[in-house]
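Have a look at the structure below, then the notes.
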């Protein structure tokens with residue numbers, strides 16, 4: 001293949017869509033083009049497609065901005081394992097992505113410690129337990145722990161015909177994902193133990209791959225293998241977060257990743273379909289379409305969820321100067337966890353915090369507004385507060 005033509009194709013914005021590439025460049029020999037990609041572009045990974053070949057990706061087409069990395073590495077001042085508001089959004093969006101019925105009020109109720117009252121709240125309760133499990137630093141990513149995560153987050157609340165057999169980690173029959181037509185067939189169940197063992201080794205192995213890209217590959221691969229009869233998407237999203245948390249990205253559970261996916265749900269599912277469609281043309285399972293989706297629609301969109309560095313620096317300075325009491329520190333950490341960048345009223349904070357008199361709450365918001373840590377917004381005769389964003 002002519003070098004200039006090869007370079008032109010590589011730089012084309014449709015490089016992750018081989019069907020479009022074939023249309024734009026009808027005279028190319030696609031087999032020769034794929035052979036050149038294998039030789040000079042594809043990065044291989046030690047996880048396999050259904051034919052036993054290594055998955056690949058194109059590093060030049062999957063670049064993560066450092067802003068996302070820095071944001072996720074930002075230490076949290078909160079003593080909580082995860083942000084309540086962020087995880088409310090995470091649970092709600094993860095369920096919405098799979099078109100599972102629920103109510104926001106039920107999510108808030110379960111996150112505040114109430115027992116589930118029905119099947120819908122059981123599913124929410126399972127997601128809460130799953131988030132608690134992956135937030136525990138003692139829980140390493142092993143096959144046993146993945147099975148435990150699945151059981152407590154999803155498996156316990158499934159109908160009998162969708163449950164795993166006792167003592168069996170993965171499904172015991174075939175599974176098909178059907179939309180308007182057959183969209184995906186999961187890995188033959190007999191191969192799941194072998195493939196999942198290799199997968200867990202890949203997760204825990206040292207890698208030169210960017211952590212955020214590797215997390216997205218992990219996400220893709222769970223859905224690709226489809227090791228369960230139901231709940232594969234929720235597991236993919238949970239294990240994605242789990243991996244980032246274990247890699248030291250301390251703000252992971254303070255950001256509702258699934259909210260970004262929900263906003264671009266069509267693109268999310270199209271990325272899976274595109275990777276599979278490309279594989280039918282090339283014979284290679286290249287996950288770059290999914291990585292490109294995640295970079296554009298999730299990682300590069302992060303930024304407005306956490307308090308600005310200046311706000312946290314101002315809080316730490318006031319704390320060091322003795323301007324903030326222990327109760328006020330607890331209230332501040334609660335606000336960060338429970339509301340994120342959302343608004344709240346003094347009455348709402350009093351009710352949600354549950355361990356401070358209204359006068360204490362009122363003094364807290366006025367003082368923190370004066371310290372430029374909180375902003376106030378009037379709505380008629382009511383005032384709502386939020387963490388300052390700049």
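Placed from the backbone N, Cα and C atoms, the Cβ positions cover glycine too.
Summarising the annotation, TrEMBL assigns active site to 226. The ATP binding site annotation in TrEMBL covers 230, 231, 232, 233, 234, 235, 236, 237, 268, 269. Feature annotation from TrEMBL assigns domain 'Fido' to 141-296.
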From binding-site residues 232, 234, 268, the one whose Cα lies nearest residue 226 (active site): 232
Same chain, 6+ residues apart, C-beta under 8 Å of the C-beta of residue 230 (ATP binding site), given in sequence order: 154, 158, 162
Residue 236 (ATP binding site), number of other Cβ atoms within 10 Å: 19
Collapsed DSSP category at residue 236 (ATP binding site): helix
For residue 234 (ATP binding site), the number of other Cβ atoms found within 10 Å of its own Cβ: 25
Residue 268 (ATP binding site), number of other Cβ atoms within 10 Å: 22
Average model confidence [pLDDT] within the domain 'Fido' (141-296): 94
Spatial neighbours, same chain, of residue 232 (ATP binding site) - Cβ under 8 Å, 6+ residues apart: 186, 222, 223, 226
Max CA-CA distance, Å, over listed ATP-binding residues 230, 231, 232, 233, 234, 235, 236, 237, 268, 269: 18
Secondary-structure category, per DSSP, in which residue 268 (ATP binding site) falls: helix
